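Written below as structure tokens is the structure these notes are about.
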Amino acid sequence: MDRYAVIGHPVEHSKSPLIHAAFAQQTGQQLEYGKVQAPLDGFVAIVTDLQEKGYRGVNVTVPFKFEAYSLATELTPRARDAGAVNTLTFTDGAIHGDNTDGVGLVRDILQNLAFTLAGKRVLLLGAGGAAEGVLAPLLEASPLSLCIANRTVDKAEAMAARVRPGQTSLDARGFDALADQEFDVVINATSSGLHNERLPLPSGLFAADALAYDMMYGRETPFMRYAREEGASRIADGLGMLVEQAAEAFYIWRRVRPDTAPVMAALRAA
């Protein structure tokens, strides 16, 4: 039976095995999907071991997406755009790297939340692997403007310099330079939720009818509490993004596109 896994640190909380099992059952695919916690200095060794054991592919989560990018012997255009990889496929000794985070996020916002991004003012918090993975697909959705904010502004500026913004106004700044700014969509791509940490964000970020979106899932994060206190019209966690990016990875591996709605509903009800 074909075997897959998710690799991260930490990874105990991951719902990816449940999601892929549901997709497999729904589509009649025979596969096994597990989770592997890699030591912080042991990602490459773990991937090599799984590849040698005959695994067909792995998903990659925090904090290994940049290492996965470097490890891949072949990269898709969207992986190159992201500079980070969350889906590896093992084929005839080669390691194919792709990134499904961005398409997962955009599909969740546009389809599941029925919230348009075109013409909107978007704030992306963070400049790590999660933010890298979603920047280009967000720009492809044609927002009016997109601001990347990060504690260290040079990381945000470097990230902005690596993409083609098209018609979107793109800028980068530190968290301390967000005062007096207003946005229609604020996306938290930092790992602050993992550490129960509140970001140093000013009051007044949310425009009327604004969406606050945290890529973390499983519980209310400090960012989501902040958004509620600040009066954000809609607040969403990253469960929909998780399911949508998993569906794209499943399609890459199996060439069958699963229906995400029943899987999301089951996870919400659990």
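Every residue gets a Cβ built from N, Cα and C, even glycine.
Feature annotation from Swiss-Prot assigns shikimate binding site to S14, K15, S16, T61, N86, D101, Y217. Secondary structure at Y217 (shikimate binding site), as computed by DSSP, is coil. Sequence-distant neighbours of Y217 (shikimate binding site) (same chain, 6+ apart, CB under 8 A from its CB) are K15, D237, G238, L239, L242.
When Cβ atoms from all protein chains are considered, those within 10 Å of K65 (active site, proton acceptor) total 26, not counting its own. DSSP gives K65 (active site, proton acceptor) a helix state. Summarising the annotation, Swiss-Prot assigns active site, proton acceptor to K65 and lists sequence analysis as the type of evidence.
Taking Cβ-Cβ distances under 8 Å and a sequence gap of 6 or more within the same chain, the neighbours of R151 (NADP(+) binding site) are G174, F175. Per Swiss-Prot, the feature NADP(+) binding site maps to G126, A127, G128, G129, A130, N150, R151, T152, V153, D154, K155, M215, G238.
In the three-state DSSP classification, D101 (shikimate binding site) falls within a helix.
In sequence order, N59, V60, T61, K65, A68, D98, N99, T100, D101, G133, Q245, A249 make up the list of same-chain residues 6 or more apart from N86 (shikimate binding site) whose Cβ falls under 8 Å from its Cβ. Same-chain residues that are not part of S14, K15, S16, T61, N86, D101, Y217 yet have a Cβ within 8 Å of the Cβ center of the shikimate site turn out to be V6, G8, N59, L242, Q245, A246. Cα-Cα distance from A130 (NADP(+) binding site) to S14 (shikimate binding site): 16 Å (rounded to the nearest whole number). DSSP classifies G126 (NADP(+) binding site) as coil under the three-state reduction. Here the binding residues for shikimate are S14, K15, S16, T61, N86, D101, Y217. Their largest Cα to Cα distance works out to 17 Å.
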